[in-house]
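Trainee: So TrEMBL has the following annotated:
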{"type": "ACT_SITE", "residues": "CYS114", "note": "active site, proton donor"}
{"type": "BINDING", "residues": "PRO31, MET32, VAL33, GLN85, HIS184, ALA238, ARG239", "note": "FMN binding site"}
{"type": "DOMAIN", "residues": "29-292", "note": "domain 'DUS-like FMN-binding'"}
Amino acid sequence: MIGDTTEAKECRRKDPMDLFRSGQVVKICAPMVRYSKLAFRTLVRKYSCDLCYTPMIVAADFVRSGKARDSEFTTNKGDHPLIVQFAAKEAQVLCDAARIVCPFADGIDLNCGCPQRWAMAEGYGACLINKPELVKDMVRHVRNQIDNPKFSVSIKIRIHEDLKRTVDLCQKAEAAGVSWITVHGRSIEERHQPVHYDAIKTIKQSISIPVVANGDVKTLKDAENVHQLTEADGIMVARGLLANPAMFAGYEETPFKCIQDWVDIALEHGTPFTCFHHHLMYMMERITSKQEKKVFNVLSSTSAVLDYLNDHYGM
């Protein structure tokens with residue numbers, strides 16, 4: 001799961017809240033299923049990303065199964081500050097999961113925003129925004145049971161149609177001791193509709209803890225605009241970073257150096273081919289022609305990809 005335990009423990013004492021106290025807008029890599037794993041986090045950290053999340057992990061499976069822990073959670077000495085995101089619906093299960101990762105990570109995040117049907121059906125994700133007392137209870141339990149005062153407990157939410165309900169949820173979470181709240185500015189039903197940045201601003205003005213804005217940020221300029229619109233303390237990016245992992249460093253599109261870095265990091269980490277290839281497809285989306293995509297996207301082995309990059313880009 002973790003590599004060298006003592007080494008990981010020595011480097012764990014980062015306080016993510018220091019980022020929010022710095023006065024700078026905190027640049028954050030979102031939790032992304034399959035994608036925000038150790039190799040990709042290593043890459044975006046090279047390009048001015050301040051804080052990274054793991055993909056969402058189902059807390060009950062994580063607590064119950066050593067196999068789940070080994071496959072779901074990998075970190076190393078340089079992978080800080082790191083937030084582990086959990087899907088949970090029971091306070092004690094979330095606490096048990098938090099206790100397992102506490103020596104190796106800098107905080108946990110409770111997913112209250114995933115709108116996928118399976119998550120909602122299981123009582124996870126976005127359905128939790130309709131259960132403010134449960135969210136409050138889960139945050140408070142983790143706060144009371146984790147000894148390390150620097151270990152953060154955050155939540156990631158979507159908004160209600162009636163924003164008063166979202167403000168109420170956020171105020172309850174704040175009272176329970178939540179460190180910060182990430183707001184994806186869409187409701188559960190909304191997928192590709194415009195993000196309600198005005199709603200994020202309203203939430204920011206109604207609580208005194210940091211708020212992170214999430215949704216439709218594709219460039220560093222977008223991040224700056226969203227900060228202006230929302231007054232948020234941090235900006236979290238998902239697809240924008242997949243398309244351009246160097247985005248936070250100010251690059252308009254993925255530089256070749258970043259592609260080379262990805263190849264080196266992915267090979268070093270033993271990244272499975274499908275993941276290795278998919279990341280490259282995202283990164284090269286804007287810099288390859290339709291014809292090149294047709295060829296590149298159907299390559300089926302690491303060696304074929306490396307040959308292609310060598311032949312076309314001299315990598």
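The count begins at 1 with the first shown residue.
Quick reminder: no glycine exception, Cβ is built from N, Cα and C everywhere.
Whatever TrEMBL says is automated annotation, not expert-curated.
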Trainee: Look at each of the recorded positions, MET32, VAL33, CYS114, ALA238, and point out the one with the fewest other Cβ atoms around it within 10 Å.
Mentor: VAL33
Trainee: Could you give the Cα-Cα distance between VAL33 (FMN binding site) and CYS114 (active site, proton donor), in whole Å?
Mentor: 11
Trainee: Between the Cα atoms of ALA238 (FMN binding site) and the residue listed as 'active site, proton donor', what distance do you get, rounded to the nearest Å?
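Mentor: Counting only the Cα atoms, the answer is 13 Å.
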Trainee: For the domain 'DUS-like FMN-binding' (29-292), what's the model's average pLDDT?
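Mentor: Overall, the domain 'DUS-like FMN-binding' (29-292) comes to a mean pLDDT of 97.
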Trainee: In whole Å, note down how far the CA of CYS114 (active site, proton donor) lies from the CA of MET32 (FMN binding site).
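Mentor: Checking the Cα atoms of MET32 (FMN binding site) and CYS114 (active site, proton donor) gives a distance of 11 Å.
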Trainee: 10 Å Cβ neighbour count around HIS184 (FMN binding site)?
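Mentor: I get 26 for this one.
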